[in-house]
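Feature list (source: TrEMBL):
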{"type": "DISULFID", "residues": "C143-C176", "note": "disulfide bond"}
{"type": "DISULFID", "residues": "C144-C160", "note": "disulfide bond"}
{"type": "TRANSMEM", "residues": "14-32", "note": "transmembrane segment"}
{"type": "TRANSMEM", "residues": "52-74", "note": "transmembrane segment"}
{"type": "TRANSMEM", "residues": "86-105", "note": "transmembrane segment"}
{"type": "TRANSMEM", "residues": "225-248", "note": "transmembrane segment"}
Amino acid sequence: MCVKSCDLMECSQLLKKFLGIAFLGIGLWAWNEKGVLSNISSITDLGGFDPVWLFLVVGGVMFILGFAGCIGALRENTFLLKFFSVFLGIIFFLELTAGVLAFVFKDWIKDQLYFFINNNIRAYRDDIDLQNLIDFTQEYWQCCGAFGADDWNLNIYFNCTDSNASRERCGVPFSCCTKDPAEDVINTQCGYDARQKPEVDQQIVIYTKGCVPQFEKWLQDNLTIVAGIFIGIALLQIFGICLAQNLVSDIEAVRASW
(Lines of atoms letter the chains of each structure in order from A and count residues from 1; the text may use other names and numbers.)
(Lines give C-alpha, C1' and ligand atoms only; values in the text may rest on other atoms or scores of the structure.)
Protein backbone atom coordinates (compact mmCIF):
# COMPACT_ATOMS: atom_id res chain seq x y z
CA MET A 1 0.00 0.00 0.00
CA CYS A 2 2.84 2.38 0.88
CA VAL A 3 4.58 1.68 -2.43
CA LYS A 4 1.44 2.47 -4.44
CA SER A 5 0.83 5.66 -2.45
CA CYS A 6 4.44 6.73 -2.92
CA ASP A 7 4.27 6.14 -6.69
CA LEU A 8 1.09 8.22 -7.02
CA MET A 9 2.46 10.99 -4.83
CA GLU A 10 5.77 11.09 -6.68
CA CYS A 11 4.14 11.32 -10.12
CA SER A 12 1.62 13.99 -9.14
CA GLN A 13 4.09 16.11 -7.18
CA LEU A 14 6.79 15.93 -9.85
CA LEU A 15 4.21 17.23 -12.32
CA LYS A 16 3.24 20.06 -9.97
CA LYS A 17 6.89 20.89 -9.38
CA PHE A 18 7.72 21.10 -13.08
CA LEU A 19 4.58 23.13 -13.79
CA GLY A 20 5.45 25.48 -10.94
CA ILE A 21 8.98 25.97 -12.28
CA ALA A 22 7.53 26.59 -15.76
CA PHE A 23 5.08 29.25 -14.51
CA LEU A 24 7.80 30.94 -12.43
CA GLY A 25 10.16 30.89 -15.41
CA ILE A 26 7.54 32.42 -17.72
CA GLY A 27 6.74 35.13 -15.17
CA LEU A 28 10.37 36.07 -14.54
CA TRP A 29 11.14 36.02 -18.27
CA ALA A 30 8.17 38.30 -18.98
CA TRP A 31 9.26 40.75 -16.29
CA ASN A 32 12.82 40.70 -17.60
CA GLU A 33 11.60 41.44 -21.14
CA LYS A 34 9.58 44.37 -19.82
CA GLY A 35 12.56 45.69 -17.84
CA VAL A 36 10.82 45.30 -14.47
CA LEU A 37 13.68 43.28 -12.96
CA SER A 38 16.14 46.08 -13.76
CA ASN A 39 13.99 48.47 -11.72
CA ILE A 40 12.72 46.57 -8.68
CA SER A 41 10.81 49.61 -7.36
CA SER A 42 8.42 49.34 -10.32
CA ILE A 43 7.12 46.03 -8.92
CA THR A 44 5.31 47.90 -6.14
CA ASP A 45 4.26 50.80 -8.37
CA LEU A 46 2.43 49.21 -11.29
CA GLY A 47 -0.20 51.54 -12.75
CA GLY A 48 -2.71 48.73 -13.18
CA PHE A 49 -2.91 44.99 -12.73
CA ASP A 50 0.10 43.21 -14.23
CA PRO A 51 -0.93 39.78 -15.67
CA VAL A 52 2.60 38.51 -14.96
CA TRP A 53 1.64 38.37 -11.27
CA LEU A 54 -0.67 35.46 -12.11
CA PHE A 55 2.22 33.38 -13.44
CA LEU A 56 4.44 34.24 -10.48
CA VAL A 57 1.83 33.52 -7.79
CA VAL A 58 0.49 30.33 -9.40
CA GLY A 59 4.04 29.16 -10.19
CA GLY A 60 5.24 29.86 -6.64
CA VAL A 61 2.34 28.03 -4.98
CA MET A 62 2.61 25.04 -7.33
CA PHE A 63 6.38 24.84 -6.80
CA ILE A 64 6.04 24.88 -3.00
CA LEU A 65 3.32 22.21 -3.10
CA GLY A 66 5.22 20.10 -5.63
CA PHE A 67 8.48 20.37 -3.69
CA ALA A 68 6.91 19.45 -0.36
CA GLY A 69 4.88 16.56 -1.77
CA CYS A 70 7.67 15.19 -3.97
CA ILE A 71 10.48 15.29 -1.39
CA GLY A 72 8.10 14.12 1.32
CA ALA A 73 7.10 11.06 -0.71
CA LEU A 74 10.62 10.26 -1.91
CA ARG A 75 12.28 10.62 1.49
CA GLU A 76 9.22 9.44 3.46
CA ASN A 77 9.37 12.71 5.38
CA THR A 78 6.17 12.97 7.39
CA PHE A 79 6.77 16.66 8.22
CA LEU A 80 6.80 17.66 4.52
CA LEU A 81 3.81 15.42 3.77
CA LYS A 82 1.83 16.99 6.63
CA PHE A 83 2.88 20.45 5.45
CA PHE A 84 1.68 19.51 1.95
CA SER A 85 -1.73 18.33 3.16
CA VAL A 86 -2.22 21.30 5.51
CA PHE A 87 -1.16 23.79 2.79
CA LEU A 88 -3.48 22.12 0.27
CA GLY A 89 -6.25 22.09 2.88
CA ILE A 90 -5.80 25.82 3.51
CA ILE A 91 -6.02 26.51 -0.25
CA PHE A 92 -9.17 24.38 -0.48
CA PHE A 93 -10.72 26.19 2.50
CA LEU A 94 -9.87 29.60 1.01
CA GLU A 95 -11.40 28.60 -2.32
CA LEU A 96 -14.55 27.35 -0.58
CA THR A 97 -14.77 30.53 1.50
CA ALA A 98 -14.24 32.71 -1.57
CA GLY A 99 -17.03 30.86 -3.40
CA VAL A 100 -19.49 31.33 -0.53
CA LEU A 101 -18.56 35.00 -0.06
CA ALA A 102 -18.82 35.62 -3.81
CA PHE A 103 -22.39 34.27 -3.73
CA VAL A 104 -23.40 36.19 -0.61
CA PHE A 105 -21.73 39.48 -1.56
CA LYS A 106 -22.22 39.30 -5.33
CA ASP A 107 -23.24 42.98 -5.55
CA TRP A 108 -20.05 44.01 -3.74
CA ILE A 109 -18.02 41.73 -6.06
CA LYS A 110 -19.72 43.40 -9.02
CA ASP A 111 -18.72 46.85 -7.75
CA GLN A 112 -15.15 45.69 -7.16
CA LEU A 113 -14.99 44.22 -10.67
CA TYR A 114 -16.24 47.53 -12.06
CA PHE A 115 -13.57 49.40 -10.08
CA PHE A 116 -10.89 46.88 -11.13
CA ILE A 117 -11.68 47.18 -14.86
CA ASN A 118 -11.85 50.98 -14.78
CA ASN A 119 -8.60 51.17 -12.82
CA ASN A 120 -6.90 49.12 -15.52
CA ILE A 121 -8.51 51.15 -18.30
CA ARG A 122 -6.60 54.14 -16.92
CA ALA A 123 -3.33 52.18 -17.26
CA TYR A 124 -4.19 50.66 -20.66
CA ARG A 125 -1.17 52.13 -22.49
CA ASP A 126 1.24 51.71 -19.58
CA ASP A 127 1.77 47.95 -19.81
CA ILE A 128 1.72 45.81 -22.97
CA ASP A 129 0.58 42.66 -21.10
CA LEU A 130 -2.26 44.55 -19.46
CA GLN A 131 -3.21 46.03 -22.84
CA ASN A 132 -3.32 42.57 -24.42
CA LEU A 133 -5.40 41.23 -21.52
CA ILE A 134 -7.99 44.01 -21.87
CA ASP A 135 -8.11 43.60 -25.64
CA PHE A 136 -8.62 39.83 -25.29
CA THR A 137 -11.39 40.37 -22.73
CA GLN A 138 -13.25 42.89 -24.89
CA GLU A 139 -12.93 40.75 -28.02
CA TYR A 140 -13.92 37.49 -26.31
CA TRP A 141 -16.98 38.87 -24.50
CA GLN A 142 -17.79 41.40 -27.25
CA CYS A 143 -17.87 44.28 -24.81
CA CYS A 144 -16.35 47.71 -24.30
CA GLY A 145 -15.39 49.22 -20.95
CA ALA A 146 -16.77 48.11 -17.60
CA PHE A 147 -20.40 49.17 -18.14
CA GLY A 148 -20.13 50.85 -21.54
CA ALA A 149 -17.86 52.49 -24.09
CA ASP A 150 -17.92 55.83 -22.24
CA ASP A 151 -15.78 54.26 -19.50
CA TRP A 152 -12.84 54.91 -21.86
CA ASN A 153 -13.13 58.58 -20.90
CA LEU A 154 -11.03 57.53 -17.90
CA ASN A 155 -8.01 56.99 -20.15
CA ILE A 156 -5.95 60.08 -21.03
CA TYR A 157 -5.66 59.03 -24.68
CA PHE A 158 -9.34 58.23 -25.30
CA ASN A 159 -11.21 60.83 -23.21
CA CYS A 160 -13.36 63.43 -24.95
CA THR A 161 -12.07 66.55 -23.18
CA ASP A 162 -11.17 69.55 -25.33
CA SER A 163 -7.64 69.55 -23.90
CA ASN A 164 -6.97 66.06 -25.24
CA ALA A 165 -4.77 66.39 -28.35
CA SER A 166 -4.53 62.64 -28.98
CA ARG A 167 -5.72 61.25 -32.31
CA GLU A 168 -7.58 58.62 -30.29
CA ARG A 169 -9.71 61.32 -28.62
CA CYS A 170 -13.35 60.21 -28.20
CA GLY A 171 -12.45 56.80 -29.57
CA VAL A 172 -12.04 53.28 -28.22
CA PRO A 173 -9.43 50.52 -28.67
CA PHE A 174 -9.74 48.30 -31.74
CA SER A 175 -10.88 45.43 -29.51
CA CYS A 176 -14.19 47.28 -28.99
CA CYS A 177 -14.96 47.23 -32.73
CA THR A 178 -17.52 44.86 -34.19
CA LYS A 179 -15.79 42.35 -36.43
CA ASP A 180 -16.31 41.99 -40.16
CA PRO A 181 -15.82 38.28 -41.10
CA ALA A 182 -14.54 39.37 -44.52
CA GLU A 183 -11.60 41.25 -42.98
CA ASP A 184 -8.39 39.22 -42.73
CA VAL A 185 -6.31 42.04 -41.22
CA ILE A 186 -7.32 43.82 -38.01
CA ASN A 187 -7.97 47.52 -38.51
CA THR A 188 -6.38 49.02 -35.38
CA GLN A 189 -7.88 52.43 -36.20
CA CYS A 190 -11.49 51.25 -36.40
CA GLY A 191 -12.33 52.81 -33.03
CA TYR A 192 -11.20 56.34 -33.92
CA ASP A 193 -13.91 58.97 -33.23
CA ALA A 194 -16.43 56.17 -32.54
CA ARG A 195 -17.98 57.88 -29.50
CA GLN A 196 -18.54 61.12 -31.38
CA LYS A 197 -21.26 59.39 -33.39
CA PRO A 198 -24.91 59.08 -32.28
CA GLU A 199 -25.61 56.04 -30.10
CA VAL A 200 -27.54 54.30 -32.89
CA ASP A 201 -24.54 54.58 -35.21
CA GLN A 202 -22.13 53.52 -32.46
CA GLN A 203 -23.85 50.13 -32.19
CA ILE A 204 -22.95 49.41 -35.82
CA VAL A 205 -19.25 50.20 -35.35
CA ILE A 206 -18.42 49.15 -31.77
CA TYR A 207 -19.72 46.99 -28.93
CA THR A 208 -21.76 49.18 -26.61
CA LYS A 209 -22.37 46.66 -23.83
CA GLY A 210 -20.01 46.69 -20.84
CA CYS A 211 -17.76 43.80 -19.87
CA VAL A 212 -19.29 43.39 -16.39
CA PRO A 213 -22.84 42.59 -17.64
CA GLN A 214 -21.40 40.52 -20.49
CA PHE A 215 -19.34 38.49 -18.01
CA GLU A 216 -22.46 37.93 -15.88
CA LYS A 217 -24.34 36.72 -18.95
CA TRP A 218 -21.46 34.40 -19.93
CA LEU A 219 -21.35 33.02 -16.38
CA GLN A 220 -25.08 32.26 -16.41
CA ASP A 221 -24.89 30.61 -19.85
CA ASN A 222 -21.90 28.44 -18.82
CA LEU A 223 -22.78 27.86 -15.17
CA THR A 224 -22.73 24.06 -15.50
CA ILE A 225 -19.26 24.01 -17.10
CA VAL A 226 -17.81 26.49 -14.58
CA ALA A 227 -19.29 24.56 -11.65
CA GLY A 228 -17.95 21.29 -13.08
CA ILE A 229 -14.43 22.73 -13.37
CA PHE A 230 -14.45 23.99 -9.77
CA ILE A 231 -15.84 20.69 -8.47
CA GLY A 232 -13.17 18.79 -10.42
CA ILE A 233 -10.40 20.95 -8.94
CA ALA A 234 -11.86 20.51 -5.45
CA LEU A 235 -11.99 16.70 -5.84
CA LEU A 236 -8.36 16.63 -6.99
CA GLN A 237 -7.34 18.65 -3.93
CA ILE A 238 -9.29 16.37 -1.59
CA PHE A 239 -7.72 13.34 -3.30
CA GLY A 240 -4.24 14.85 -2.80
CA ILE A 241 -4.92 15.49 0.90
CA CYS A 242 -6.25 11.96 1.43
CA LEU A 243 -3.31 10.45 -0.44
CA ALA A 244 -0.78 12.38 1.64
CA GLN A 245 -2.51 11.49 4.91
CA ASN A 246 -2.70 7.84 3.88
CA LEU A 247 1.02 7.85 3.11
CA VAL A 248 1.79 9.47 6.48
CA SER A 249 -0.27 6.77 8.24
CA ASP A 250 1.58 4.01 6.35
CA ILE A 251 4.99 5.47 7.20
CA GLU A 252 4.10 5.90 10.89
CA ALA A 253 2.68 2.36 11.01
CA VAL A 254 5.91 0.92 9.55
CA ARG A 255 8.05 2.94 11.96
CA ALA A 256 5.91 1.84 14.91
CA SER A 257 6.55 -1.81 14.01
CA TRP A 258 10.33 -1.42 14.24
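Placement of Cβ uses the backbone N, Cα and C atoms for every residue, glycine included.
Structure coloured by features recorded in TrEMBL.
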residue: C143; record: disulfide bond; Cβ contacts under 8 Å, 6 or more apart: T137, C176, Y207, K209, G210, C211, P213, Q214, F215
residue: C144; record: disulfide bond; Cβ contacts under 8 Å, 6 or more apart: Q138, D151, W152, V172, C176, I206, Y207, T208, K209, G210, C211
residue: C160; record: disulfide bond; Cβ contacts under 8 Å, 6 or more apart: N153, R169, C170, R195, Q196
